[in-house]
């Protein structure tokens, strides 16, 4: 990113920026729905990850065609983490694949950007739920808990509120279902070309993290990727030795790479992905990419997104949405096709204050402002109602 870009930060105070976010959100929602529909027993996770990434590239290739210099595409590679796998499972062709089976709890996580404006989304569902039946037991508990955490956050991430209010609500919601938010996971503010902005919301912090984590107030015209990860177990995510395949460049780090393979790999990263997360799958020669990444990661030019696991036998559910803090209320631009009636838990939120919050409306005040001409592709993401009402649930 050039110095000029840094001086003139573009925000959602500009209509065109809002349109770019919505277009990215619309693509993210459509790709997600397509992957959910394609997920069934016997389907390979690798094939779904490849399909998701290919669709994002294809769909972003259809917009702003005249703007030859504009970067657009994947803001987070398609990851599909099953059951006790917490996040970032996105295998290479040379890795062991995972084949989906009946009853698997599946989390799909992906991101799209248009001109560096990022729309992230994640969704959880269970494979092969027969019509007329419901998911029960711990899978239902953890999915309900995570979904209600996301719904609480949609109502709490608004100007004037603090990030700590969201953290507290998440703990209360999860505990009502005898579940635990994954310890130390962060939701980030988003800025142009930046997926990990400085303001964050932490989940289930340790005592040390509570001391270290910056308190922050949400402000109008900010954007957040709100990421909820809840476990049926203790909420501790560990690296189990699975190969990391997703990385992002850290623009603040510099180092003179010694190996020719590393240098060639890193210059391709800079050219193609800038500071967006990418997968080693995106390289033509996967073997060279696997070699090139080692020196880059060792010297912290690249940050890894490690594949994390909860204990065997536990379940982890994830819901992530991107929200624009508009002057007339929060606008959620991404969301999955959640069907609440499929999940039956014996537990529910007991806390009266939280119950009232969850029952309150999350739709925005309508403005009598003349609509700017937005692209056809974003019409169904522009109403600003919660997306369940305008197509995210169909």
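Cβ from N, Cα, C; glycine included.
Per Swiss-Prot, the features are:
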| type | residues | note |
| --- | --- | --- |
| MOD_RES | 2 | phosphoserine |
| MOD_RES | 2 | N-acetylserine |
| REGION | 46-54 | region 'RNA-binding' |
| CROSSLNK | 298 | SUMO2 cross-link |
| MOD_RES | 335 | phosphoserine |
| REGION | 358-394 | region 'Disordered' |
| MOD_RES | 361 | phosphoserine |
| REGION | 361-375 | region 'Interaction with RNA' |
| MOD_RES | 366 | phosphothreonine |
| MOD_RES | 386 | phosphothreonine |
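When Cβ-Cβ distances below 8 Å are used as the criterion, the region 'RNA-binding' (46-54) is approached by residues 31, 34-35, 38-39, 74, 77-80, 90-93, 95, 97-98, 108, 110, 279, 281-282 of the same chain, each at least six residues removed from its ends.
All protein chains shown were included, and the count of other CB atoms within 10 Å of the CB of residue 361 (phosphoserine) stands at 9. For the residue listed as 'SUMO2 cross-link', the Cβ neighbour count at a 10 Å cut-off comes to 12, with all displayed protein chains included. Residue 335 (phosphoserine) carries neither a helix nor a strand DSSP state and counts as coil. The residue listed as 'SUMO2 cross-link' carries a helical DSSP state (H, G or I). When the Cα atoms are compared, residue 361 (phosphoserine) and residue 335 (phosphoserine) turn out to be 17 Å apart. Following the DSSP three-state reduction, the secondary structure of residue 361 (phosphoserine) is coil. If you measure from the Cα atom of residue 298 (SUMO2 cross-link) to that of residue 335 (phosphoserine), you get 36 Å.
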